[in-house]
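Working notes for the structure below.
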Amino acid sequence: MTAPSTNTAKPATGILALLKTAFVNALIALVLFSLMVGVRTEAGSDGQLTYWTRFGELASLVAAVFGGSIVIDLLRQWIGPTGTEKLIPPAVQSGMSFVGRYLAPALLIFTLLVPVIFYDQRYILDLAILVLTYVMLGWGLNVVVGLAGLLDLGYVAFYAVGAYSYALLATNFGWSFWVCLPLAGILAAFWGVLLGFPVLRLRGDYLAIVTLAFGEIIRLVIINWQELTGGPNGVSGIPRPSFFGIPLDNSDDGLAAKLGIEYSTTHRIIFLFYLILALALLTNWVTIRLRRLPIGRAWEALREDEVACRALGINTTTTKLTAFATGAMFGGFAGAFFATRQGFISPESFTFQESALVLAIVVLGGMGSQLGVALAALAMIGGFELFRSLETYRMLVFGMAMVLIMIWRPRGLIGHRAPTVYLTQAQAISSDLVKEGHG
Amino acid sequence: MSGDTILSVDRLTMRFGGIVAVQDLSFAAERKKITALIGPNGAGKTTVFNCITGFYKPSGGTIRLSHDDGRTIALERLNDFRIAKQAKVARTFQNIRLFPGMTALENLMVAQHNALMRASGFTLLGLLGVPTYRDAEKRAIDLATDWLKRVNLLDRADDAAGNFAYGDQRRLEIARAMCTEPALLCLDEPAAGLNARESAALSELLLSIRNDGTSILLIEHDMSVVMEISDHIVVMDHGVKIAQGSPREVRDDPKVIAAYLGTDEEEAVAVMESGS
């Protein structure tokens, strides 16, 4: 932090300026709300237009804006201008770095213990499985968006390919989950390469549009290819996963009977929990590993400067394709897991909203940061459940929370990049320097 | 031109629509020598560079690179990344193109991508952590460390390249290009924006690179650098070659002075004669 002393807090601007800002804000609110709130129109019993005014509500809204503006200004003066990190006392700073260092292991240990702690709470276990699925999807997409800097809006396509691969192979040929899992990953990676080829020359917005279209194409093909995929009816009766050949059911051959314990449906849930945890950790391990290999460094270099990459003899075509394929493969694994967990899949599960959600997780987490993506998935999926009691206002509160987080941390929750190799000491690199990539 | 030629450009022409940026340019660069390409702004120097390094496909003419082992490569037929990979031509950019969010060491590791890819068995062996890859990585780090030492940036190896001062970024970019172990190093205005002390250090660095056996092709505006280190100078103006020779010959060439001063040849001669 070598910021010059210009960052010192400005003297409190006068009360007059404060009131002036508040007045302007209130005026804007008055103009905005006078029609939206102030006048209420409705069709009367005979179809004629009836309207009545609601000046009380309007006045309270404007007053709220006026007061809120003053409060925000005061808070701003109290906290000081943005970027005054050095105002944080050293004790708090060292405490934060301590938390930062042990957060990931602590989270991992807690996650491992979730089925033990919440053994009887089916709802929490189901939610945890859902969160872990999105953690895995986020980590998978992180390879493409966070590391290689290729904006992919159609990631759900690979999730769908993985899910349908397992569903169709299992229902038609009776192949087991453990055979289909790698196949689902390979097929998704294959589609990743297929998508990669036409979009290689595209950058930025154009790449985003084509990947978005690709996601839609996959979904439309699934809907319309009735003979194979069952169309909108989906595929049902997808086999549940077995514990390496031993089914997890109430039969005499089931795991419970073999172990001589009483059968419980929770066993299967816990098995699914550890299965997705293992898959997510595999994704994480491979990604961390790849980052330290030449291919991972080439991905990050591609995000930083594609022209320089080519000047250094890096084949940007294959580098991009491997990023797409790797990300797609993990999406395929997650898709196969999704299919076996649900037992039923239909095209409705693979809409653009899913792609947007996973992308939001990656962006919110801090592009390229594994821990950030995990935290973001927890916040997005878990947080969304937290607001369930708010019913109608759920989406509103959730959206506002996201906007606030992006104002507070514009580069995501974890805004640092860790170097992949170092001589003496690994220093975190400020995200201000790290590029987002151009496509 | 005598001696051992590493790069020979023959009747190179580059057109952008109706504009002819480079016309029938022929010159040669000698092995283990520093060849400078100079000329006023807009003379087409960077276009020639982009043709040599494959960022442009020439409209006409040939560019031949002959290696130590007798291989001759037609650069005009190769893609940009293959020129760096197979023909071993490295380049820097007029506006520095480092990887700003990566450390200096990482920048130099990315430059050794192709060698490391082979060593990591195209990622598969590396993923399993085989010892041969670890050795290769160690060697790559050693090479990078050597270059950081040579450009005097060793103590900043773990800092983000984007945080470096301008002159340091220039030197790091040269180090990065050298980590690809090139036969021909192409530098696009390496002294631009450097102060006198930094320019002197740069001249020394380039001479040491040449003495270690790498041929250098250089675009430069800083005449103190060009005149001091170049073995051979090619002067361009408006897309054509107007003069070439040793620094002394070029310095005294009235055509060159006319091009730089923007006057007629006769006037330049008159100026020179009255001055001497």
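Including glycine, each Cβ sits where the backbone N, Cα and C put it.
Any TrEMBL annotation is an automated prediction that lacks curation.
Taken from TrEMBL, the feature transmembrane segment applies to A:12-37 (among others).
TrEMBL lists A:58-79 (among others) with the feature transmembrane segment.
Annotation source TrEMBL lists transmembrane segment at A:99-119 (among others).
Taken from TrEMBL, the feature transmembrane segment applies to A:131-161 (among others).
Annotated transmembrane segment per TrEMBL: A:173-194 (among others), in sequence order.
The transmembrane segment annotation in TrEMBL covers A:206-225 (among others).
As annotated by TrEMBL, transmembrane segment applies to A:269-288 (among others). With a cut-off of 8 Å between Cβ atoms, the residues of this chain six or more beyond the transmembrane segment (A:269-288) that come close are 111-112, 114-115, 119, 122, 125-126, 128-129, 132-133, 135-136, 139-140, 142-143, 147, 241, 243, 248, 296, 326, 330, 333-334, 337, 340-341, 370.
Residues or ranges marked as transmembrane segment in TrEMBL: A:356-380 (among others). Sequence-distant contacts of the transmembrane segment (A:356-380) (same chain, six or more residues past either end, CB-CB distance under 8 Å): 103-104, 107, 131, 134-135, 137-139, 141-142, 145-147, 152-153, 155-156, 284, 287-288, 300, 402, 405-406, 409, 411-417, 431, 434, 436.
Here TrEMBL flags A:392-408 (among others) as transmembrane segment.
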- prompt: Is the transmembrane segment (A:206-225) in contact with the transmembrane segment (A:131-161), using three or more Cβ pairs under 8 angstroms as the rule and ignoring pairs under 6 apart in sequence?
  reply: yes
Message: Quick test of the contact rule: Cβ under 8 Å, at least six residues beyond the ends. What residues does that give for the transmembrane segment (A:99-119)?
response: 125, 128, 132, 266, 269-270, 273-274, 277, 371, 374
